[in-house]
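Data first, discussion second: the structure below is written as structure tokens.
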Ligand SMILES: Nc1ncnc2c1ncn2[C@@H]1O[C@H](COP(=O)(O)OP(=O)(O)OP(=O)(O)O)[C@@H](O)[C@H]1O
């Protein structure tokens, strides 16, 4: 194992995240979550089962049309309509939003969000938590989270003073705080805007709380509690090193390979837990560098469960509309069909690996996608071209090859060809045949093969080159 050191010229990558999180004026990420027209218009049937709450609508592999579009701007695709009107409509919807997140499907209806029902919902989350002790994991310690009153949060954050502001996202502001017992915390405060938006955000808040409250893993953000007085707040364990995005893309110093590899392994473990180890199957849907926080030991923690979905065991996948997430990390079946399952996260994780390898952002300032840039280089095993020049030679060769190998498989355009996270972990650790092939410098299985994109519902063959075309088209439309 060759040790990693911090060397190399800082690379000035055109960056969407060029400032420390705390100094960001507001959202800087790409908001163009747009889809490829070509592929979908050629798709025989496209189901847009609308997700209006956490009991999702689509379950089987057979895609279906949904009439349930009551509370959002859903678009049902007419497969016979060859025009691009569907896509124009979708882009109009997307462009109306000034931020990355599209809030048009709501977890709770606006009218539901009264103080009383809020308390009821919180009680429900709490009692689900209590039941957890007896179901499945009898010896697991019950996660301890509690309700904070507003005075405690005001005292901890020095009245939410701007010096304690450590991050700003689509959902709110995050403040550093210190509890009376000396424990540092991060307080995420839901932003108050217009009344209408407020209700939607309350739904998002409850949805995030309902998910994160059930998570207990070293590689996932740890919830300490919540506060509902004087606004909605989540109280989380404080991560002193902030987000991976800041460390990797905005810091003067080069993030050493040892930490990058540790992040790759830790995030993979966290995702494996969410997909398989947690008592319910959770799809995060927004894996990206700014949602990975680092503890004082540089252990990565997956954070921001605002878009996360529960997926019932018996369902193959789930179809949501509109498409939410971050451009550059969206799997093709997701941005084209709204299909969500574990492989949605695997794809985004693959993009994250590419960021770790290359030091480049997922989408640069000219909206060039990292996947498009890296795919041919990965196929040709061009390690020198790919590796972040700031690392120089300071990386472990075997680890780098394993990470490249994992990235290559995770960003496969066909979800069925992407490994599950358990397989990814094996590849990263060099425990399976793919990694061995990569070490011997052998060509990985060609990604140009033809295959069925969605089992049973979409018999259209889909090739890698078509995927790249679609991604290109996706990008062009985003720029229009
Ligand atoms: N526990 C924490 N410890 C330290 N910093 C944190 C913590 N939680 C969040 N942050 C900082 O705040 C930023 C925004 O947090 P978060 O992503 O949870 O907010 P959000 O409003 O949900 O944003 P997004 O737009 O990604 O949905 C993070 O990128 C990070 O820099």
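Any Cβ shown, glycine's included, is placed from N, Cα and C.
Just so you know, TrEMBL annotations never went through curation; they're auto-generated.
Sequence annotations record features per position, and here TrEMBL assigns ATP binding site to 188. Reduced to three states, the DSSP call for residue 188 (ATP binding site) is strand. Non-local contacts of residue 188 (ATP binding site) by the CB criterion (under 8 A, 6+ apart in sequence, same chain) comprise 171, 172, 173, 174, 233, 234, 235, 236.
Here TrEMBL flags 1-31 as compositional bias 'Basic and acidic residues'.
Residues or ranges marked as compositional bias 'Low complexity' by TrEMBL: 48-82.
Annotated domain 'Protein kinase' per TrEMBL: 160-435, in sequence order.
For the domain 'Protein kinase' (160-435), the model gives a mean pLDDT of 91.
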